[in-house]
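The structure under discussion appears below in the form of structure tokens.
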Amino acid sequence: MSAYDYDLFTIGAGSGGVRASRMAAMAGARVGIAEEYRVGGTCVIRGCVPKKLLVYAAEFGHAFHEAKGYGWTAQNVSFDWTKLIENKDEEIDRLNGIYIRNLKNAGVDIFETRAVVKGPHTVHLVKEGRDVTAERILIAAGGAPWVDESVPGHELAITSNEAFHLERLPKHVIIAGGGYIAVEFACIFRGLGAEVCLVYRGEDILRYFDRDISVQVHEELKRLGVRVVTQAVFEKIEKLSGDEKRAYLSNGHHIDADLIFWAVGRRPNTAGLGLEEAGVALGRNGAVKVDEWSRSSVPSIFAIGDVTDRVNLTPVAIREGAAFAETEFMGRPTKMDYDFIPKAVFSTPPVGSVGYPEHEARKRFASVDIYKTDFRPMKNTLSGAEHRTLMKLVVDGESDRVVGVHIVGEGAPEMIQCLAIAVKAGVTKRQFDETCALHPTSAEELVLMREKFVPEMKIAP
Ligand code: NDP
């Protein structure tokens with residue numbers, strides 16, 4: 001019997017912490033887990049899951065208009081924000097209950113409290129006012145929205161945490177940022193009928209994606225009626241009367257809105273967690289520094305998920321948690337494999353992407369072939385919707401291996417999940433060509449791209 005209270009104590013019951021804790025407990029370890037907010041973490045409680053429900057709600061908004069071209073007449077259509085939020089909350093409560101049940105069924109002790117690290121084997125449970133000891137401690141505390149506190153009036157704007165609990169649908173929204181959250185919420189609020197303005201400090205939104213994706217999404221946002229202001233940041237936010245606020249921008253303009261939203265990135269949740277005092281080295285933005293086994297600079301303390309700021313996606317945190325449990329409690333040393341992780345942005349239309357963007361592939365491979373197509377999907381012929389679909393293949397010219405697939409268009413995330421299997425398995429462009437098309441679909445275009453894309457050459461006069 002170990003001298004410690006637990007074999008594993010996990011701080012943070014989000015996707016990664018829950019997966020690691022359950023697997024360790026099912027392998028026979030004595031496991032405790034502390035959560036200061038709600039079991040389920042960002043993804044389930046105030047991230048991916050409620051976001052996707054709001055995305056569905058926004059899509060219905062477009063569907064009513066688009067159905068007209070197909071002969072439908074929808075009368076007295078109205079939207080009830082309160083109803084949507086109530087139904088969403090009910091679903092989140094259900095999922096929260098499942099997460100709690102799964103932990104309990106695996107034999108994990110749940111502590112509803114903030115926990116801080118007091119030493120290599122000691123955790124302090126704040127609400128209970130006592131310490132527990134554990135052979136291993138797992139930090140899975142996730143991340144939190146970052147706000148630029150140097151901007152006067154910054155507190156007048158919300159973050160994604162509050163966006164899921166607004167009392168009413170705003171009429172006019174200004175969103176700062178050009179990443180996942182900014183783009184997704186711009187499309188949600190626009191789809192539900194609000195006027196939306198996106199304020200981005202650079203030129204290309206979604207700049208970590210392939211440049212064709214950035215440009216296409218930028219165009220689609222404009223088609224949707226989202227105003228995109230580039231090369232600007234908030235300088236000051238001021239309260240006007242009622243719910244109205246005014247955002248002053250660095251380009252000299254100002255915009256009024258009843259909701260202002262920070263979506264300028266997230267930071268690891270390590271402040272006040274006692275990590276540095278316990279000897280755990282932190283890196284950029286306070287992220288826990290870990291090795292390939294998710295072990296921190298203190299051998300008994302591990303960290304997984306957004307708190308390590310590696311690849312901040314739920315399925316990655318889950319796999320890091322699983323790899324940790326397999327290595328430490330199941331006798332199967334396992335490292336997380338970060339190659340070819342599929343990504344999606346749930347914009348309107350959405351993005352799906354796996355592998356290298358063209359600009360990264362050109363740095364990595366001696367020769368790169370590009371195939372791309374941009375078309376109006378069949379559904380939009382009668383609906384009159386103007387959204388287009390873009391598909392792009394990035395191919396290593398020497399091996400013929402497809403090393404990147406990037407899509408903007410209806411169904412892109414679903415397509416990319418399947419394509420990621422083939423890309424990870426090393427599929428070649430020739431094997432794409434050998435695959436029979438499935439007609440009529442948008443996805444068939446993926447196996448019908450024969451002509452290499454040759455950029456237009458500017459001929460000197
Ligand atoms: P992102 O890192 O995606 O984007 C942050 C945006 O804010 C970027 O456009 C960035 O500009 C801009 N920015 C950063 N600092 C400043 C600043 N000081 N002033 C003005 N603008 C600034 O973060 P998000 O908050 O959108 O999302 C956080 C993370 O959550 C994502 O990285 C992703 O891992 C995860 N997520 C994933 C989703 C999905 O899988 N669908 C959905 C939502 C979140 P620049 O580009 O110039 O750096």
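If you go along the chain as it appears here, the first residue is 1 and each next one adds 1.
Just so it is clear, glycine is given a Cβ too, placed from its N, Cα and C backbone atoms.
Whatever TrEMBL says is automated annotation, not expert-curated.
Computed from a predicted structure; not experimentally measured.
Residues or ranges marked as active site, proton acceptor in TrEMBL: H439. Feature annotation from TrEMBL assigns FAD binding site to K52, D306. TrEMBL lists C43-C48 with the feature disulfide bond. The feature domain 'FAD/NAD(P)-binding' is assigned by TrEMBL to 7-321. What TrEMBL records for 341-449 is domain 'Pyridine nucleotide-disulphide oxidoreductase dimerisation'.
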Local confidence of the domain 'FAD/NAD(P)-binding' (7-321) - pLDDT mean: 97
Among K52, H439, the most crowded of the recorded positions [Cβ within 10 Å]: K52
CB within-chain contacts under 8 A for D306 (FAD binding site), separation at least 6: T42, G142, G143, R266, P268, N269, N312, A317
C43, C48 as disulfide-bonded residues, winner by CB count within 10 A: C43
Rounded to the nearest Å - Cα separation of K52 (FAD binding site) and C43 (disulfide bond): 10
Integer Å distance between the CA atoms belonging to H439 (active site, proton acceptor) and C48 (disulfide bond): 32
